[in-house]
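This report concerns only the one structure given below.
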Amino acid sequence: MKVSIYGAGRVGVSIAFSLLHTSLVDEMVLIDIDKKRAEGEALDLLHSSSMFKSCNIWAGDSKDIEDSDFIVITAGRSQRPGETRLELLGDNVRIMKEISEDIVKYSPNSIIINVTNPVDVLTYFIWQFTNLPSQRVIGTGTTLDTARLRVLLSQQCGISPASIHAYVIGEHGDSEFVPFSNATIGGLKLIDYCKLCENNSEQGFCLNLKIIEEKVRKAAYEIIERKGATNLAIGAVTARLISSMWRNEKRVWTISVLVDGIYIGYPSVIGKSGVEKVLRLNLSEDEEKKFQYSRSVIQKSIEEIKSKIF
């Protein structure tokens, strides 16, 4: 397997390091505007690869992405003092355009995974710029948020996260939400499981769903406040996404996927060739309203970029 990663910052390197642990990667290319940094990170990763399957890792240029199985995008710049959100977004869309042109020129058969935020908006523009099948252009979406949710439920319920089927959907951002009506543990609705749980209250319900949902939504802010950035968990999640596709596991992930004309976090089956099926959830009336609102947030950003930048 060959993986090319645009962006050798903390997120890009965390993804690369997590990929080494899978022992599936034969070649890995790091591409960054700061070539010297990319070379240093590549060398450090190369030395660590001796602990895993042998992997050829180097800092390259756009042409080196040729014949990549997966291209991961973590590139982008941060907000400058006094700069508006739209100005920043416009610049990052332009960066995505340059990368998209590289992909079309050198490796048009790759599966593209975008990680750069706002992930849903930027993944949409990558899809537009490359004109590749949407099945092969995805974003990490709410996969990390879903992982956070399952950890919180696991701690509360005393059940392995692997046995908890609950998802965060919508925008990877403040409008994301949890459709708890679809959440299950061992085939039981989450609410029904709570009646059997040793932690249950007199009312037969041990979870404050609003608090858990808010903790998931605020998790990134909490981490950034303490360490300045989130990188390890998204690194693990992205590497797991790649290994899942490479092994053709056909697992369900809440990736950013094309749904009714825009990219948004939604449960989808992914395999060797990318997205195989988008699973339409049976949402409650309130959940449907939340989903449509989240969708409108993404749509608004897309329309702003189209009208003011291009």
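Yeah, the Cβs are placed from backbone N, Cα and C, and that goes for glycine too.
Residues or ranges marked as active site, proton acceptor in Swiss-Prot (evidence: sequence analysis): His172. Every protein chain considered, the tally of other Cβ atoms within 10 Å of the Cβ of His172 (active site, proton acceptor) stands at 30.
Within its own chain, Thr140 (NAD(+) binding site) has Ile113, Asn114, Val115, Val119, His172, Ile234, Val237, Thr238, Leu241, Ile255, Ser256 as residues 6 or more apart in sequence whose C-beta sits under 8 angstroms from its own. Under the heading NAD(+) binding site, Swiss-Prot lists Val11, Asp32, Arg37, Val115, Thr116, Asn117, Thr140.
Taken from Swiss-Prot, the feature substrate binding site applies to Gln79, Arg85, Asn117, Pro118, Val119, Asp120, Asp145, Thr146, Ala147, Arg148, Thr230, supported by sequence analysis. Counting Cβ atoms from all protein chains shown, Ala147 (substrate binding site) has 20 others lying within 10 Å of its own Cβ.
What Swiss-Prot lists as beta-D-fructose 1,6-bisphosphate binding site is Arg150, His165. DSSP assigns His165 (beta-D-fructose 1,6-bisphosphate binding site) to a strand segment in the three-state reduction.
Marked as phosphotyrosine by Swiss-Prot: Tyr221. With a 10 A radius on its CB, Tyr221 (phosphotyrosine) counts 11 other CB atoms from all the protein chains. Mapped onto three states, the DSSP output places Tyr221 (phosphotyrosine) in helix.
When the binding-site residues Val11, Val115, Val119 are compared by the number of other C-beta atoms lying within 10 angstroms of their own C-beta, Val11 comes out lowest. Among the binding-site residues Asp32, Asp145, the residue whose Cβ has the fewest other Cβ atoms within 10 Å is Asp32. Spacing of Thr116 (NAD(+) binding site) relative to Asp145 (substrate binding site) is 15 Å (Cα to Cα, whole number). In sequence order, Gly76, His172, Gly173 are the residues near Asn117 (NAD(+) binding site), counting only same-chain partners six or more apart with C-beta under 8 A.
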